[in-house]
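Marked as domain 'Metalloenzyme' by TrEMBL: 4-496. Among the features that TrEMBL reports, Mn(2+) 2 binding site is placed at Asp12, Ser62, Asp442, His443. Taken from TrEMBL, the feature active site, phosphoserine intermediate applies to Ser62. Residues annotated as domain 'BPG-independent PGAM N-terminal' in TrEMBL: 82-297. Feature annotation from TrEMBL assigns substrate binding site to His124, Arg153, Asp154, Arg184, Arg190, Arg259, Pro260, Asp261, Arg262, Lys334. As annotated by TrEMBL, Mn(2+) 1 binding site applies to Asp401, His405, His460.
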Amino acid sequence: MVAKRVFLTILDGWGLREEKEWNAIANADTKNYDFLSKEYPMTSLTASGEAVGLPDGQMGNSEVGHLNIGAGRVVETGLYRINQAIKLGQFASLEAVQAVFEDLKFDPDSKLHIMILASRGGVHSHIDHLYAFLGVTKEHGVKPFVHLFSDGRDVPPKQFLTDLAEIETKIKEAGAMLASISGRYYAMDRDENWDRTEKVLKVFVKDKGTPHFKSAEEYVNSEYEKGITDEFINPSASEEYMSSEGLNDGDVVVFLNFRPDRAKQISHLLVDSADLYAHRTPLTPDDLSLYSMTDYEGILTAGVFFPAIQLKNTMGEVMNQLGKAQLRAAESEKYPHVTYFFDGGVEKQFEKTERIIVPSPKVGTYDKAPEMSIFELYEKIEASVKSKDFDLVVVNLANPDMVGHSGDFEATVKACSAVDKVLGKIYNLTKEKGYTLVVMADHGNADVMRDEKDEPHTAHTLSPVPLIVCDKDVVLKNGGKLGDVSPTILELLSIKQPEEMTGESLLLTK
């Protein structure tokens, strides 16, 4: 049962669901996955809700998944912490929340702008957090500009219009202004497609030729009529905002998204975080004060409402302390997940850890390239593993999640087939080089591609996920969660589990 080294392969978005209808995984060519699941010990893991530090019934996601996997424990997520603070009446009194209004008092000419993904998806944000903060601005007599990012990815593709009347009512009740609407495709890009992100900034600063609308509802409907769903709504300002001062030097901006990876690019364009990105634009205002809901590492913020919880003795840290060699590999879309998130939500470069990052294809949506860059990624992994010895390899295969978000069933089937092909190659590589292969997923997505309204399902699912340990001397316990994977791997490697790692090994001896 003792492994010399472990090769952890995370199939991103690969949920377990018995029904075959609209299940891209079940309809794909998965002969390698099927072989491994029958030949070796397999169990299912809970990847959503309280088992991963989320509110009960909340679907998991890649950030939360990799945090829990790497930490080897249940990690209280930003969503849970924020909800609790609001529920217990502590939100308004948070130090950084109070600092926002001190900033505004210090410079009476400055205006407050709020940005948020206006969604109940709970992956990057939650609309209830906007309502809570608007309650605080009203108490302080401040009338902010509200910039909404439409979702259509973690919720149904046209959910934004359904929610818009309520959102506009809440904004009006707070004495605030609906300033702009932008699809998350533009506002929340994370793959350095700066042309997309700059379209949003141009609307914020009312650049020459800024598109604008009189009625938000009519504007969204007009986008739908063109076949444009929420994710892709073109950035546009309200007529009321066009008549206002807009975003100017010295203003205060509050970004209420709690997940950092898709919050960083637009934040960078606002405050120019030189150490994080090389990209510059003359449109960036001077002396903005940016407050964020959580830490956006590398971004110059004036304050953080919910600073990160420091996680000690994550999997990567334990391996590093023992002088073990590690390899982390992923496409650019999931690179932060096998590094930043896997290491506890901080950027760490361990001494004997090498990284492979392969750029994801530059396409509008990944249904246009369902194989993404998976074969190039594998080639680099193979070359590295054949030339050097690692004690732990962590690989993310992004396709089921990234293509699954498109809602395109056939493309997602192709994506899952590509993943299976590479999984077979990885299995052969691990056999050749003496690794114990561990296969798992972080959350579901590709397992449900149609919703109850017979519309494309683009969001994650509540499905359990697989855990396969390719060692026939192992028996796996049932009832596990993502936070049990690192303890399981440590036991495979005969490494003592640190006390901070409160997950449980799922290994049973025969």
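Just so you know, glycine gets a Cβ as well, placed from its N, Cα and C.
Because the structure is a prediction, the values reported are computed rather than measured.
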Binding-site residues considered: Arg190, His443, His460; fewest surrounding Cβ atoms within 10 Å belongs to Arg190
Specify the count of other C-beta atoms within 10 Å of the C-beta of His405 (Mn(2+) 1 binding site). 24
What is the interatomic distance between the Cα atoms of His405 (Mn(2+) 1 binding site) and His124 (substrate binding site), given in whole Å? 14
Could you tally the C-beta atoms, other than its own, that fall within 10 angstroms of the C-beta of Asp442 (Mn(2+) 2 binding site)? 33
Could you tell me which of these binding-site residues, His124, Arg262, has the fewest other Cβ atoms within 10 Å of its Cβ? Arg262
Densest Cβ neighbourhood among Asp12, Asp154, Asp401 (binding-site residues), 10 Å radius: Asp401
Candidate nearest His443 (Mn(2+) 2 binding site) in space, where candidates are the binding-site residues Asp154, Arg190, His460 and distance is Cα-Cα: His460
Far apart in sequence but close in space: which same-chain residues, 6 or more away, have a Cβ under 8 Å from Ser62 (Mn(2+) 2 binding site)? Asp12, Gly13, Lys334, His337, Phe341, Asp401, Asp442, His443
Please list, in sequence order, every residue of the chain apart from Asp401, His405, His460 whose Cβ lies within 8 Å of the Cβ centroid of the Mn(2+) 1 site. Asp12, Gly13, Asn61, Ser62, Arg153, Asp154, Pro400, Met402, Gly404, His443, Asn445, Ala446, Thr458, Ala459
Round to a whole number and give the Cα-to-Cα distance in Å for the pair Arg262 (substrate binding site) and His460 (Mn(2+) 1 binding site). 17
Rounded distance in angstrom between the Cα atoms of His124 (substrate binding site) and His460 (Mn(2+) 1 binding site): 12
Distance [Cα-Cα, Å, rounded] between His460 (Mn(2+) 1 binding site) and Arg190 (substrate binding site): 19
For substrate, with binding residues His124, Arg153, Asp154, Arg184, Arg190, Arg259, Pro260, Asp261, Arg262, Lys334 per the record, max Cα distance (Å, no decimals) returned as 17
Beyond Asp12, Ser62, Asp442, His443, what residues of that chain have CB atoms within 8 A of the centre of the Mn(2+) 2 site's CB atoms? Ile10, Gly13, Ala47, Gly60, Asn61, Gly65, His66, His337, Asp401, Ala441, Asn445, His460
Close in space but at least six residues away in sequence, with Cβ under 8 Å from that of Pro260 (substrate binding site), the same-chain residues are Ser292, Thr294, Asp295, Tyr296, Glu297, Ile299
